[in-house]
């Protein structure tokens with residue numbers, strides 16, 4: 001569904017989506033590259049430690065007052081709030097397990113196919129929103145989904161990376 005907004009805010013949103021796609025693609029390529037050099041456990045551990053450090057730095061740098069206020073107003077947050085389970089879920093499942101599986105999967109299929117699969121998140125989000133939330137999918141959304149499925153078909157049927165080099 002299209003959200004209301006000015007053309008300027010929509011242009012900013014589009015530009016941010018393009019920037020995210022660029023950085024995510026760069027991340028996938030680097031993960032594939034370093035996954036061949038560094039053992040998977042070490043790579044995942046380094047990624048998680050870096051994310052944890054940057055998350056704490058972000059809380060201190062941008063939301064220090066809010067973070068401090070939360071802990072002061074919730075002294076029993078370890079036993080009475082949902083913060084600990086959320087942090088554990090986010091840390092162990094979303095970051096650790098998913099990254100561990102992602103690195104192994106990328107080594108198996110290569111960065112091009114992996115990025116195509118990872119890029120399907122908006123398609124799945126739209127389908128789930130349609131099924132469970134009653135969202136509508138307009139003409140532009142249907143065309144975008146169709147274009148993505150065609151790109152996925154091209155990626156699946158493309159020769160595997162390195163196959164051309166081994167036949168030469």
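Cβ atoms are placed via backbone N, Cα and C, with glycine included.
The helix, strand and coil residue counts that DSSP assigns across the domain 'EamA' (13-156) are 129 helix, 0 strand, 15 coil. Residues or ranges marked as domain 'EamA' in TrEMBL: 13-156.
Annotated transmembrane segment per TrEMBL: 12-32 (among others), in sequence order.
TrEMBL lists 44-64 (among others) with the feature transmembrane segment. Long-range neighbours of the transmembrane segment (44-64) within the same chain, counting only residues 6 or more positions beyond its ends whose Cβ lies under 8 Å from a Cβ of the stretch, are 38, 91, 95-96, 99-100, 103.
For 84-104 (among others), the entry in TrEMBL reads transmembrane segment. Cβ atoms under 8 Å from those of the transmembrane segment (84-104) belong to residues 31, 35, 40-41, 43-44, 47-48, 51-52, 77-78, 114 of the same chain, restricted to positions at least 6 beyond its ends.
Among residues of the same chain six or more beyond the transmembrane segment (139-156), those with a C-beta under 8 A of the stretch's C-beta atoms are 1-2, 112-113, 116-117, 119-120, 122-123, 126. As annotated by TrEMBL, transmembrane segment applies to 139-156 (among others).
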> Which sequence positions outside the transmembrane segment (12-32), separated from its termini by at least 6 residues, show Cβ-Cβ distances below 8 Å to it?
Replying inline: 5, 43, 102-103, 106-107, 110-111, 114-115, 118-119
> Given the model, what does the mean pLDDT over the domain 'EamA' (13-156) come out as?
Replying inline: 83
